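Working notes, beginning with the structure itself.
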Amino acid sequence: MASASPAKMKVADLRAALAERGVSTAGLKAELVQRLERKMAEERRVDVPRGSFGLNSSTPPRASPSSTSGVPSTSGAAFGSPHRHHAEARVTLSPHRHHEQRRGLWGVPMSEAESGEGDATRDRVLVLSSALREEQLVVARERDARLADRERRAEAEEALSHARAQLQKHDEEVASLRKAIAHGRSENEAVAAQLTKSFADLRAERERRTTLESEIARLKESLDSRDGIIESKMEEIQV
């Protein structure tokens, strides 16, 4: 498990390897990979012999040319000499890259530990970059999901508000219709009562008229009989 690349290991394997080395196992995969690679690099540095790199390296010391001004002169150095290469590299190259070119120029190869450390550094950079991209993608997807959920929630709240407004309007219309129906019923009841009273008055008036007509007919008959009696009396008197 220790010889495998941390970038290709699963989270459980990473945590197991970190636990074996007494390192914290909390965090995301990118953090676990970084911790394990740092610990493995430390273990490799411990295993590297001291004379392979650093102050006790087998690189021969560079002779310092004398100069009246205190600055090494490079105008008279032969092309390809270590002094001229060092003076030019000091201006154009970084210290680490300059040291590698000096060692290559003098025929001193890089140790396997240094080469492996450089590969591990590149692998770590690639792993961290890929892990960072994955984390950024995850964060972006979560952000998009939250935005979509927020938009859906806003649309649902807007639809609910619209439905509540429509329901309130419908309730108001129903209440108005019920009030109109109640008012119409009261008016109908009043009209029906008035018609009933009018029919009763008309019936009473009709009965009274019938009674009067019968009284008139009886009085007319009485008057006719009196007229007959009077005429007969007058005829008797004339005779």
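Cβ coordinates come from backbone N, Cα and C, glycine included.
TrEMBL: automatically predicted annotations, no manual curation.
Annotation comment: TrEMBL describes 153-222 as coiled coil. Per TrEMBL, the feature compositional bias 'Basic and acidic residues' maps to 39-48. Residues or ranges marked as compositional bias 'Low complexity' by TrEMBL: 57-77. As annotated by TrEMBL, domain 'SAP' applies to 6-40. Taken from TrEMBL, the feature region 'Disordered' covers 39-121.
Per-residue pLDDT, averaged over the domain 'SAP' (6-40), rounds to 85.
Remark: secondary structure over the compositional bias 'Basic and acidic residues' (39-48) totals 9 helix, 0 strand, 1 coil, with classes taken from DSSP.
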